[in-house]
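Record features (TrEMBL):
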type: TRANSMEM; residues: 12-30; note: transmembrane segment
type: DOMAIN; residues: 13-302; note: domain 'Sugar phosphate transporter'
type: TRANSMEM; residues: 42-67; note: transmembrane segment
type: TRANSMEM; residues: 79-100; note: transmembrane segment
type: TRANSMEM; residues: 106-126; note: transmembrane segment
type: TRANSMEM; residues: 133-150; note: transmembrane segment
type: TRANSMEM; residues: 156-173; note: transmembrane segment
type: TRANSMEM; residues: 194-211; note: transmembrane segment
type: TRANSMEM; residues: 231-252; note: transmembrane segment
type: TRANSMEM; residues: 259-280; note: transmembrane segment
type: TRANSMEM; residues: 286-303; note: transmembrane segment
Amino acid sequence: MSSAQSEKQTLFIASLIIFWYSSNIGVLLLNKLLLSNYGFSFPIFLTMCHMSACAVLSYVSIVFLKIVPFQRIKSRSQFLRIATLSIVFCGSVVGGNISLRYLPVSFNQAVGATTPFFTALFAYLITQKREAWITYGCLVPVVAGVVIASGGEPSFHLYGFIMCIGATAARAFKSVLQGVLLSNEGEKLNSMNLLLYMSPIAVLVLLPATLVMEPNVIDATITLAITHRYLVLLILINSIMAYGANLLNFLVTKHTSALTLQVLGNAKGAVAVVISILLFRNPVTFIGIAGYAMTVMGVVAYGESKRRIK
């Protein structure tokens, strides 16, 4: 590869990473802004907007723009497995959005960093997959950090915390379940095709849930839109960014190594925390920061131990 081509490739990957960070952190901060600051207290409807945008934009980008090859569902059992994943996926996203109504982004990210703990737990319970003791040992500071951060969090809210833990566990459960349900080589889907099929199923699940649990959402949105004239635009941008985050996650995974992705993922949480504190001015304590730092260090050690054992 010539130096000019190498420079172009480096610039392309750097641009992907910047857009990936921007879309992921942007969705998180916009969710918080809408659900807390704007008083738009409809996390299920907001998730449905995200899934609707993902369904439409996935179809356009795969069928028309051909970003990735279109993969067809080959059997009824494969469809049922994808539907199961979609329901778990719904639960994780809704739980995360509900938690943002009650918790600051910084604490939400601290709890979310415990995903490896739940992944290891579900991997053992579902597939009997065991890790080395040193790997399990690295998970101790991951959990201990969140316990410490919880004790030092001035804006701690029990219901928000339970929702956040539930969302984190559901996210980990989905990744383990995906490995089990779509293990057949002939039925494996790349993440963009999986999103294409999961999103419409998620909308069908979330629509009745919205009608039952958030029946006044349309009236309340119209009322809020009169007060906040950019509300509808923000929901639209937020929904498009939710799809963008998934697309860019796929592209970054494709163009970088697993280790690079892991390091970037850990750093992304820390960047989101710093930006959210600067933006929302939520109070933080030394104990809270120390707890979050311990969790992140545990996650880094866990990833490193898994890589070395492999």
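Glycine is treated like the rest: Cβ placed from N, Cα and C.
Taken together, the residues in the domain 'Sugar phosphate transporter' (13-302) have a mean pLDDT of 92 on the 0 to 100 scale. Cβ atoms under 8 Å from those of the transmembrane segment (133-150) belong to residues 107, 110-111, 113-114, 116-117, 120, 156, 161, 287-288, 290-299, 301-302, 305-306, 309 of the same chain, restricted to positions at least 6 beyond its ends. Only sequence-distant pairs (6 or more apart) were considered; of these, at least three Cβ pairs between the transmembrane segment (79-100) and the transmembrane segment (156-173) are under 8 A, so the stretches are in contact. If you look at the transmembrane segment (286-303) against the transmembrane segment (106-126), you find at least three C-beta pairs under 8 angstroms, all six or more positions apart, and that counts as contact.
Among the listed stretches 12-30, 106-126, 194-211, 231-252, 259-280, the one sharing the most Cβ pairs under 8 Å with the transmembrane segment (156-173) is 106-126. Between the transmembrane segment (231-252) and the transmembrane segment (42-67) there are 3 or more Cβ pairs closer than 8 Å, counting only residues 6 or more apart in sequence, so the two stretches are in contact. Contact check: the transmembrane segment (259-280) against the transmembrane segment (106-126) gives at least three Cβ pairs closer than 8 Å, residues 6 or more apart, which meets the contact criterion.
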